[in-house]
Amino acid sequence: MVVGDIATGTELLVIGAGPGGYVAAIRAAQNGIDTTLVEKDAYGGTCLNYGCIPSKALITGANLAHEAGNAEEMGIHADPVVDMSQLRDWKSGVVDQLTGGVEKLCKANGVNLVEGTARFKDENAVRIAHGGEGQGSETIEFEHCIIATGSRVIQIPGFDFGDEPVWSSRDALEADTVPERLVVVGGGYIGMELSTTFAKLGADVTVVEMLDDILPGYESDVARVVRKRAEELGIDMHLGEGASGWREEDDGIMVTTETEDGEENEYRADKVLVAVGRSPVTDTMDIENAGLEADDRGFLSVDDRRRTDVEHIYAVGDVVEDTPMLAHVASKEGIVAAEHVAGEPVAFDSQAVPAAVFTDPEIGTVGMTEADAEEAGFTPVVGQMPFRASGRALTTNHADGFVRVVADEESGFVLGAQIVGPEASELIAELAFAIEMGATLEDVASTIHTHPTLAEAVMEAAENALGQAIHTLNR
C-alpha cells in the first residue's frame with residue numbers, strides 16, 4: 001500500500017491518453033522531451049474504446065448481415081442470424097488489440113505512463129490520485145502541460161443513463177441483444193449511424209430530432225440522400241420534435257416528445273438511445289488552480305499553436321473551442337502542441353480538415369461548401385458526379401449519392417468537397433490532399449484514376465466543374 005504524496009518531475013505532462021494525448025506524448029518523446037502521460041481509464045480514449053472503433057466494428061457486422069439477407073437480385077438467397085454476443089466479443093477483441101498497441105507504442109517511444117486522475121495544484125504541478133482508497137497519490141511538477149481530456153456524452157432532462165431502458169451511445173455499443181423497438185433521440189451523426197446499424201440488425205427504429213432535418217451542419221441535399229435510405233430501411237423519422245420524457249409500460253416503455261407548438265406525441269419502445277452530442281471534460285481537473293478558465297460550455301480557448309492563456313499549458317481535441325470534435329483533429333493538434341514544445345515552428349491549419357459519417361450511404365466532407373466560398377469572397381465553380389453514372393458504384397449495388405467539388409473560378413484552386421455515397425469516408429482523403437497541396441481542378445481532372453473505381457467519380461466531378469465531363473452532363 002502506498003501512503004502519502006510522492007513528488008516527481010517531468011518536462012512535459014500530457015493529461016489524457018486519447019487520440020490527442022497519446023499522439024502528443026509519442027511525438028514529444030520522439031523529439032527528445034521527457035514526457036509523462038496520465039490516463040485514468042483506458043489507453044486510446046473514447047474514440048478507441050467507446051466510440052469510433054467499436055462503432056465501426058458494429059457497423060461492419062450489421063452491414064454484412066444486411067447485405068447477405070438482401071441480395072436476392074444477384075441470385076443470393078440467405079437468412080443470416082446475428083449472434084450479438086459473438087459480434088460484441090469480436091468487436092471487443094479489435095478494441096483490445098488496439099488499446100494494447102497504444103500502450104506498447106508509448107512505452108517503446110520512451111513515454112512514462114501513469115495511471116490516475118490529475119488535478120491541478122498550480123500552474124506547474126498536478127496531483128495524481130491513483131485508483132481507489134489507500135492506493136496513494138503523487139505530485140508531478142512540469143515545465144509544459146497538454147490537456148487532452150476529451151469529452152463526455154450529454155445527458156438531457158428526463159433521461160438518466162443510470163436507468164436500464166435509457167442508453168447512451170456507449171451502452172448501445174455494449175448491447176448483447178437487439179431491442180425489438182428502439183427510439184433514438186437525436187438525428188446527428190452518432191444518432192444516424194446507430195439508427196442505421198440497429199435497423200440493419202433487425203430493430204424497429206424511430207428517430208426523434210428537434211430540428212427540421214437530420215445531420216445538422218451538413219448540406220440539405222447530402223442529408224436528403226441519407227434520410228431517403230434510412231426510410232427505405234424502415235426507420236421512422238420524426239423531425240421538429242424534442243424528447244421530453246419516458247415512462248414504463250407493461251410491454252416496454254413509452255417515449256414522449258413535444259413539438260415547438262406544444263403538441264405531444266408518444267412512441268413505444270424497449271430501449272431509448274440518447275445521442276444529442278458531447279461536452280468537454282474540463283470540470284474535473286481544478287483548472288482554475290492553474291489560472292485557466294473555460295467558457296460557459298466548458299471549452300478552452302487556444303491559439304494556433306494550441307496554447308491556452310497560460311502559455312506553457314496547451315489544450316487539444318474535444319476540449320478546444322471552435323474546432324470539430326474529431327479524433328484526427330485531436331491527433332493533429334497533439335502533434336502541433338508537442339512539436340511547439342520541442343521548439344518547432346508549427347501551427348494548426350484547419351482549412352483541410354475532412355470529416356466522415358458512417359451512415360448508409362457514407363458522408364465525407366472537407367473545406368468549403370459553395371455557400372462558404374461565396375461568403376469568403378470567392379466566385380465558386382462547382383462540379384458534381386452522380387454515383388449512378390459510375391460503373392464501379394453500380395457493380396457494388398450501392399449507387400446513391402454524388403461527389404461534389406467546389407473551386408475558385410478565377411484560380412481553379414480546390415476549396416472544398418462534399419461526398420455522399422459508397423466509401424465516401426475513404427474518397428474524401430484525395431480532396432483533403434488536394435486542398436492541402438494547393439491543387440487546382442485541372443490537377444485533379446488530369447490525374448489518371450484507376451478504372452473501374454469509385455475514385456473516378458472524384459476526377460469526373462473536377463472535369464464537370466471544368467465543363468469537360470465525359471460520363472455526366474456538364475453543368
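Placed from the backbone N, Cα and C atoms, the Cβ positions cover glycine too.
Since we're looking at a predicted model, the values are computed, not measured.
As given in Swiss-Prot:
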type	residues	note
ACT_SITE	His451	active site, proton acceptor
BINDING	Glu39, Lys40, Asp41, Ala42, Tyr43, Gly44, Gly45, Thr46, Cys47, Lys56, Ala118, Asp318, Ala327	FAD binding site
BINDING	Gly186, Gly187, Gly188, Tyr189, Ile190, Glu209, Ala275, Val276, Gly277, Arg278	NAD(+) binding site
DISULFID	Cys47-Cys52	disulfide bond
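What Swiss-Prot annotates, mapped onto the structure for a quick look.
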{"residue": "Asp41", "record": "FAD binding site", "Cβ within 10 Å": "15"}
{"residue": "Tyr43", "record": "FAD binding site", "Cβ within 10 Å": "23"}
{"residue": "Gly45", "record": "FAD binding site", "Cβ within 10 Å": "29"}
{"residue": "Cys47", "record": "FAD binding site", "Cβ within 10 Å": "24"}
{"residue": "Cys52", "record": "disulfide bond", "Cβ within 10 Å": "19"}
{"residue": "Ala118", "record": "FAD binding site", "Cβ within 10 Å": "24"}
{"residue": "Gly188", "record": "NAD(+) binding site", "Cβ within 10 Å": "18"}
{"residue": "Ala275", "record": "NAD(+) binding site", "Cβ within 10 Å": "24"}
{"residue": "Ala327", "record": "FAD binding site", "Cβ within 10 Å": "22"}
{"residue": "His451", "record": "active site, proton acceptor", "Cβ within 10 Å": "10"}
Next on the checklist: Return the count of C-beta atoms lying within 10 angstroms of the C-beta of Ile190 (NAD(+) binding site), excluding that atom itself.
Outcome noted: 22
Checklist entry - Say you check the Cα of Cys52 (disulfide bond) against those of the binding-site residues Glu39, Asp41, Ala275, Ala327; which is nearest? => result Ala327
Checklist outcome for this item: Within the same chain, the residues at least 6 apart in sequence whose Cβ is under 8 angstroms from that of Gly277 (NAD(+) binding site) are Val153, Ile154, Gly186, Gly188
Checklist entry - Can you name the residues of this chain that are 6 or more positions from Glu39 (FAD binding site) yet have a C-beta less than 8 Å from its C-beta? => result Gly16, Ala17, Gly21, Leu113, Val114, Glu115
Checklist outcome for this item: Rounded Cα distance, in Å, between Tyr43 (FAD binding site) and His451 (active site, proton acceptor) is 41
Next on the checklist: Whole-number answer please: how many Å between the C-alpha atoms of Ala327 (FAD binding site) and Ala275 (NAD(+) binding site)?
Outcome noted: 18
Checklist outcome for this item: Under a three-state DSSP reduction, the secondary structure at Gly186 (NAD(+) binding site) is coil
Next on the checklist: Tell me the Cα distance separating Ala118 (FAD binding site) from Ile190 (NAD(+) binding site), rounded to the nearest angstrom.
Outcome noted: 29
Item to check | Between Ala275 (NAD(+) binding site) and the residue listed as 'active site, proton acceptor', the C-alpha gap once rounded to whole angstrom | outcome: 40
Item to check | Gly186 (NAD(+) binding site), number of other Cβ atoms within 10 Å | outcome: 26
Checklist outcome for this item: Three-class DSSP assignment, Ala118 (FAD binding site), comes back as strand
